[in-house]
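Among the features that Swiss-Prot reports, disulfide bond is placed at CYS275-CYS287, CYS281-CYS295, CYS361-CYS382, CYS365-CYS371. Marked as domain 'EGF-like' by Swiss-Prot: 271-307. What Swiss-Prot lists as domain 'PAN' is 326-408. Residues or ranges marked as N-linked glycosylation site in Swiss-Prot: ASN46, ASN127, ASN229, ASN313, ASN329, ASN368. Here Swiss-Prot flags 441-792 as topological domain 'Cytoplasmic'. The transmembrane segment feature in Swiss-Prot is assigned to 420-440; the stated evidence is sequence analysis.
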Amino acid sequence: MGKKRIVLLLFISFSYAEITKESPLSIGQTLSSSNGVYELGFFSFNNSQNQYVGIWFKGIIPRVVVWVANREKPVTDSAANLVISSSGSLLLINGKHDVVWSTGEISASKGSHAELSDYGNLMVKDNVTGRTLWESFEHLGNTLLPLSTMMYNLVTGEKRGLSSWKSYTDPSPGDFWVQITPQVPSQGFVMRGSTPYYRTGPWAKTRYTGIPQMDESYTSPFSLHQDVNGSGYFSYFERDYKLSRIMLTSEGSMKVLRYNGLDWKSSYEGPANSCDIYGVCGPFGFCVISDPPKCKCFKGFVPKSIEEWKRGNWTSGCARRTELHCQGNSTGKDANVFHTVPNIKPPDFYEYANSVDAEGCYQSCLHNCSCLAFAYIPGIGCLMWSKDLMDTMQFSAGGEILSIRLAHSELDVHKRKMTIVASTVSLTLFVILGFATFGFWRNRVKHHDAWRNDLQSQDVPGLEFFEMNTIQTATSNFSLSNKLGHGGFGSVYKGKLQDGREIAVKRLSSSSEQGKQEFMNEIVLISKLQHRNLVRVLGCCVEGKEKLLIYEFMKNKSLDTFVFGSRKRLELDWPKRFDIIQGIVRGLLYLHRDSRLRVIHRDLKVSNILLDEKMNPKISDFGLARLFQGSQYQDKTRRVVGTLGYMSPEYAWTGVFSEKSDIYSFGVLLLEIISGEKISRFSYGEEGKALLAYVWECWCETRGVNLLDQALDDSSHPAEVGRCVQIGLLCVQHQPADRPNTLELLSMLTTTSDLPLPKQPTFAVHTRNDEPPSNDLMITVNEMTESVILGR
């Protein structure tokens, strides 16, 4: 009987309903909410000695911590306790009885107790009156739970928002914080220090106007209330999801996360792409996700710095082409006009005009010379702008209508342009009809030339068609001295056109059926993609059995000649390698999120990175690339194509590919750039460890510093190298969900915020056999178990 009693007492001691003066909370004990959803207790990261007091979702693995008491000061001894003081305050004390954290001074004459509510709110309550004396919902961390609030009070100066963790394993305040603004209507900001990083746009009753999926039909879980006394409160409540949270990540991303019983799914993330980054296009510029180039000037404005815009730096913005001469009621040539732009995220620095309808909004702006633009928005009313139009985006659908004041002469410019355009179109149609007639006759005569028909049926604007004799002359009839390389597609030659342009000519192998598909794919894709970190296609040539693709020539050829070359590797010091790494990621970000086409490359590797005369990287070879439509995030194929070693586990074995499979390939590429070793040929030790296994070993021993190419010792930056090794390992994680997305990847490379710890990559446990290395891979998934995978 005695033994049974001891067991019962031990069980009860691990589970508390409340913390009292007589019943403190020790390490190993927890406090649970009455509904069993939330739990409070001591925890540590990666079994370290640093102990924190926090709240998490009970029973969900891995543990998701939503609030930390002592986020800046962990305790390091096992005798720490969470106690109620004689005055009623909640204290965290260490083994020496030093106060590590407290709720602050609380007055409870008859004592107090602490309990955890069903909504995850830790509350200290008066024992007699039951009044709440202190609550964690008024001291937010990086997470907003349902019914908790962000707020401001202009009278008291109080502000309450979210602050990011330094890293996934360090809850101390990081670089980012979230606030709602006191302006009317309010908007949400993610700040990086004192600099805006992301903006939601103004609030319109149930939605933020800068988030396109929150249209007027959106069923909103959010609530924002502003009163006449200068206070504002933002909160949310999910009726359809028992477990949900809004989280600010250490990289500055706001995520709305919902638990589906198996995993946390993000229903919204901001910033979602580089257009979402605050002010990316500068004053009077706007960002267009679906139409490269990414930034444009509003009608009537031109880039302030053409050279900067050509380099892809748009932050200087745009300047007015014709100055305004505003005199209120003036007419004729002196009058101003308004140009409307649809699907717009309302710019920052707006002013609210109360009790004005749509016509009144227009009239108010028209007769106010300082008014540069206006918008009448359902759920808000009239907004006007008298300062720079900053942080503006144009969505493919949704958004608001913005009316911008222009000089009357801008309309005259438009009319003159329309006249010129009309004449040009007429002439062009005549020329096109002539060529079409000739082309029809030529194709009837040369009916076997089906390739040209295929090309003419594709939407390939701006593509130049070269004659075969032109290319033969440029390449000295494809002489061996001009040959740059050879691959599964065919051979690549250097050439020089009569106008002096240097070109690279990819000559399709006539025996390659796969090459035909690659050829068509590459023409259609690359002609529509324009970015400084993507190779540019100039045109093509199709004549008889010859199929040629003509590119801009890259003076320094491909990256592999520098990374793996015994002599040239010395020319690539660490700073230059790091610049190349960042350039590749920017090109990937454009493919995955910023171009009007969402493209998965599927064959990212060192040899497919070309270098121009300034050693700027250009992603090339889009023959295997796939397009994603709308909200599509992954696809599956029965025909797996790619390069062995660079393919992610889920793609190699099941045919599933996504943004995360390109991230895996980049991780391998990154580790090759750092180490100077090729994944298909590397073998280490008696066991013949593969490259990823060796990288993991280096990471465990020295955090990857000893992985660096020995030729770079004098030029290296150990901390930067170690960080890149860690990022590379995060990219080659077995589960796609454990890999960063492309936007997070760029943030990891360009900030110093702490990173999550990588797990051992699955492919890192394998060793190499004695077979020769394979290069390009092309197999069918349902035949995989019976196939021997060899290179082409």
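Any Cβ shown, glycine's included, is placed from N, Cα and C.
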*C-alpha of ASN368 (N-linked glycosylation site) to C-alpha of CYS382 (disulfide bond): distance in Å?*
14
*Nearest to CYS275 (disulfide bond) by Cα distance: which of the recorded positions ASN229, CYS295, CYS361 is it?*
CYS295
*Can you tell me the three-state DSSP label for CYS365 (disulfide bond)?*
helix
*Summarise the model confidence on the domain 'EGF-like' (271-307) as a single mean pLDDT, whole number.*
88
*For CYS361 (disulfide bond), identify the closest of the recorded positions ASN46, CYS281, ASN313, judging by Cα separation.*
CYS281
*In whole Å, how far is CYS281 (disulfide bond) from ASN313 (N-linked glycosylation site) when you measure between their Cα atoms?*
8
_Cβ packing number for CYS365 (disulfide bond), 10 Å threshold_ = 26
*List the Cα distance (Å, whole number) between CYS382 (disulfide bond) and CYS365 (disulfide bond).*
10
*Any idea what the Cα distance is from CYS287 (disulfide bond) over to CYS365 (disulfide bond), rounded to a whole Å?*
25
*Could you state the whole-number distance in Å separating the C-alpha atoms of ASN46 (N-linked glycosylation site) and CYS365 (disulfide bond)?*
59
*Going along the chain, which residues six or more apart from CYS281 (disulfide bond) have their CB under 8 A from its CB?*
CYS287, LYS294, CYS295, LYS296, TRP314, THR315, GLY317, THR392
